[in-house]
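Colleague: If you scroll down you'll find the structure; I have some questions about it.
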Amino acid sequence: INTITYDAGNTTINKYATFMESLRNEAKDPSLQCYGIPMLPNNSSTIKYLLVKLQGASQKTITLMLRRNNLYVMGYSDPFNGNCRYHIFNDITGTERTNVENTLCSSSSSRDAKPINYNSLYSTLEKKAEVNSRSQVQLGIQILSSDIGKISGQSSFTDKTEAKFLLVAIQMVSEAARFKYIENQVKTNFNRDFSPNDKILDLEENWGKISTAIHDATNGALPKPLELKNADGTKWIVLRVDEIKPDMGLLNYVNGTCQTT
């Protein structure tokens, strides 16, 4: 498995853009695309996982593990007392859990477990972060960098600290790879913190639906109008692929053929 690294503690807009490009290239199925938008592989691809190593201020690191076919974050690891410490969401079970353990920390003799005692749903992460909505958790490179330091190598931290880090990391890594719109919001606000707007939250919740609509489009026309949201929360009706294409980074896997260009 290839590890994609990103140093949030020492970065530029271009370096973040390169990180996004590398992540999309590692994740996508090279033989699949609809209307020029790359698509993720189905779940039987040979390489099933991706590792993303994030570095924060003062060289602290956290490695996220993503499921390649949908970019879900399954858990993360950090160096702790000379060992590799792994943290896995509690909705990852059975053989998959063992796979995550072994992928995050390959040496069974020098690893520690600190399980995430909740699941990876946004509603759960919001509850643990003690917010009503993730729109209340600010995103930004500085926040990502300092959040890494609050967890990496620390003997203890609260669920609140961890859930806030996960909300930031999931959106700035996985969601930004899925949606160029989110990547562009990070770039536009690069030297400041920002709250995710209504369009960000709405895209995040509708990625599967949007992917299917694009896949099923005929000559660029969606099978039916897609009702989404603008940044200010007003209704955004999408009728054609080219209206939403600039916002897309990767499509979720959809079975069957589509128009490739």
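All positions are counted from 1 along the displayed chain.
Every residue gets a Cβ built from N, Cα and C, even glycine.
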Colleague: If I look at Swiss-Prot, which residue among N42, N255 would I find recorded as N-linked glycosylation site?
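Modeller: Among N42, N255, the residue Swiss-Prot annotates as N-linked glycosylation site is N255.
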Colleague: Name the residue among the disulfide-bonded residues C34, C105 whose Cβ has the smallest number of other Cβ atoms within 10 Å.
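Modeller: With the disulfide-bonded residues C34, C105, fewest surrounding Cβ atoms within 10 Å: C105.
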Colleague: Sorry to bug you, but what's the C-alpha spacing from V73 (substrate binding site) to C84 (disulfide bond), rounded to the closest Å?
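Modeller: Computed Cα spacing between C84 (disulfide bond) and V73 (substrate binding site) is 18 Å.
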Colleague: For the substrate binding residues given in the record (V73, S120, R178), what is the largest pairwise C-alpha separation in angstrom?
Modeller: 17
Colleague: N10, N43, S120, N255: which of these recorded positions has the sparsest Cβ neighbourhood within 10 Å?
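Modeller: Counting other Cβ atoms within 10 Å of each of the recorded positions N10, N43, S120, N255 gives the minimum at N255.
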Colleague: Please list, in sequence order, every residue of the chain apart from V73, S120, R178 whose Cβ lies within 8 Å of the Cβ centroid of the substrate site.
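Modeller: My list of surrounding residues reads L66, N70, L71, Y72, I170, V173, S174, E175.
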